[in-house]
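As given in TrEMBL:
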type: ACT_SITE; residues: Asp268; note: active site, proton donor/acceptor
type: BINDING; residues: Glu123, His189, His210; note: Zn(2+) binding site
type: BINDING; residues: Ala134, Asn213, Ala214, Arg221, His245, Ile302, Ala303, Gly304; note: substrate binding site
type: DOMAIN; residues: 48-374; note: domain 'Amidohydrolase-related'
Amino acid sequence: MATAKVLAGARVVLPTGTVTDGRVIVDGTRIAGSAPADAETLDLSGHWVVPGFVDMHNHGGGGASFTSGTVDEILKGIHTHRLHGTTTIVPSFVTGDMDFLVQRAGLLSELAEQGEIAGIHFEGPFISPCRKGAHDETLLRDPDPADVRKLIDAARGRAKMVTLATELPGGIDSVRLLAEHGVIAAIGHTDATYEQTVEAIDAGATVATHLFNAMPGLGHRAPGPIAALLEDERITVELINDGTHLHPAALELAFHHKGADRVAFITDAMDAAGFGDGRYMLGPMEVEVKDSVARLVEGGSIAGSTLTLDRAFKRGVTVDGLPVDDVVRAISANPARLLGVYDTVGSLEPGKDADLVVLDEEFEVKGVMRKGEWLVAP
């Protein structure tokens, strides 16, 4: 049972900035504004306390697949990421047969109702064969609004995001449908032109799925989707900050154009995250992980990542040179706002869930708390 705690002496990252020698009060499952007399005090001098991480694009971890795993396997994958600081997660499906996706959506909606996950992301099957990445081309289909509606209904109000190539037949109508139902329409795995991307944004798209990856590059005569996604303030861009998916200059470009409030760090993790090298399945596709880089056995395309958000956090500060406050926005506050859960998670404020991460001076995880309970005790 959670008891009142005062986490004292740390550098605490709040929405208004970092407080040196700050404190966070936890009473039960929530952050409190004042401490009861019998509260336990924990000295965290020399540490950082930041909000729990929010991952809005994640396919698995700990050897478990969110697309095809059993409930126990899915919970194992969720727990693996929690140990690395991700206290809020949205499992993502890779492309599959429609009947299969409908069945899986029903399964994961139950986990959402239980509070284990924050919702469901369908990354396919409505994507471009030209930019399919690690998706099975035989299962791809155009984004017919009737099919999109079928997945929304199957998720029983728990669909948070659908990635689609909006230039395909039905794409714009599907974007409008998603917007009407309060589901994020994300532009990704797309071969769209600049003009087609602008049309999708005007129709209601608000997210770029792993910007730069699985889309045409930026050209001076054909700027493609990247220019449209970078320049429009209505778009938040996902970034996979693992050192493999993005050159540091690309990440710098994204932050320069979007600002810290329109970037969301994601993992796009697959089964091997937090587990190790070897062979795995990503949906129906076989993947080999070598030196922590996941690639399809057939064709060699990068197949998601083995990233955990603590690694993305550390890299953001120590390699990319980003301010800690900006990394916290990208890894906690921004995705929480997009997902519609910022009223309960994404920042350290009284009344919100006591979800937080304790980091040492090297930005290594030393403690993870979720709803007032230590998963990793500092």
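Using the three backbone atoms N, Cα and C, a Cβ is placed for every residue, glycine included.
Positions of TrEMBL features highlighted on the structure.
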{"residue": "Glu123", "record": "Zn(2+) binding site", "Cβ contacts under 8 Å, 6 or more apart": "His57, His59, Ser92, Phe93, Val94, Thr95, His135, Thr163, Gly188, His189, Thr209"}
{"residue": "Asn213", "record": "substrate binding site", "Cβ contacts under 8 Å, 6 or more apart": "Gly133, Ile240, His245, Leu246, Ile302"}
{"residue": "Ala214", "record": "substrate binding site", "Cβ contacts under 8 Å, 6 or more apart": "Ile127, Arg131, Lys132, Gly133, Gly188, His189, Thr190"}
{"residue": "Arg221", "record": "substrate binding site", "Cβ contacts under 8 Å, 6 or more apart": "none"}
{"residue": "Asp268", "record": "active site, proton donor/acceptor", "Cβ contacts under 8 Å, 6 or more apart": "His57, Asn58, His59, Ser92, His210, Glu238, Ile240, His245, Gly304, Ser305, Leu307"}
{"residue": "Ala303", "record": "substrate binding site", "Cβ contacts under 8 Å, 6 or more apart": "Gly133, Ala134, Met270, Leu282, Met285, Val287, Ala294, Arg295, Leu296"}
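Least crowded of the binding-site residues (Ala134, Ile302), judged by neighbouring Cβ atoms within 10 Å of its own Cβ: Ile302. Mapped onto three states, the DSSP output places Ile302 (substrate binding site) in strand.
Cβ atoms within 8 Å of the centroid of the Cβ atoms of Glu123, His189, His210 (the Zn(2+) site) belong to the same-chain residues His57, Gly124, Ile127, Gly133, Thr163, Ala186, Gly188, Thr209, Asn213, Ala214, Asp268, site residues excluded. In the shown protein chains, 24 other C-beta atoms lie within 10 A of the C-beta of His210 (Zn(2+) binding site). Under DSSP, His189 (Zn(2+) binding site) is assigned to coil, being neither helix nor strand in the three-state scheme. In the shown protein chains, 31 other C-beta atoms lie within 10 A of the C-beta of Gly304 (substrate binding site). Within the group of binding-site residues (His189, His245), the Cβ with the highest number of other Cβ atoms inside 10 Å belongs to His189. Mean per-residue pLDDT, taken over the domain 'Amidohydrolase-related' (48-374), amounts to 95. According to DSSP, Glu123 (Zn(2+) binding site) sits within a strand segment.
Look at Arg221 (substrate binding site): DSSP puts it in coil.
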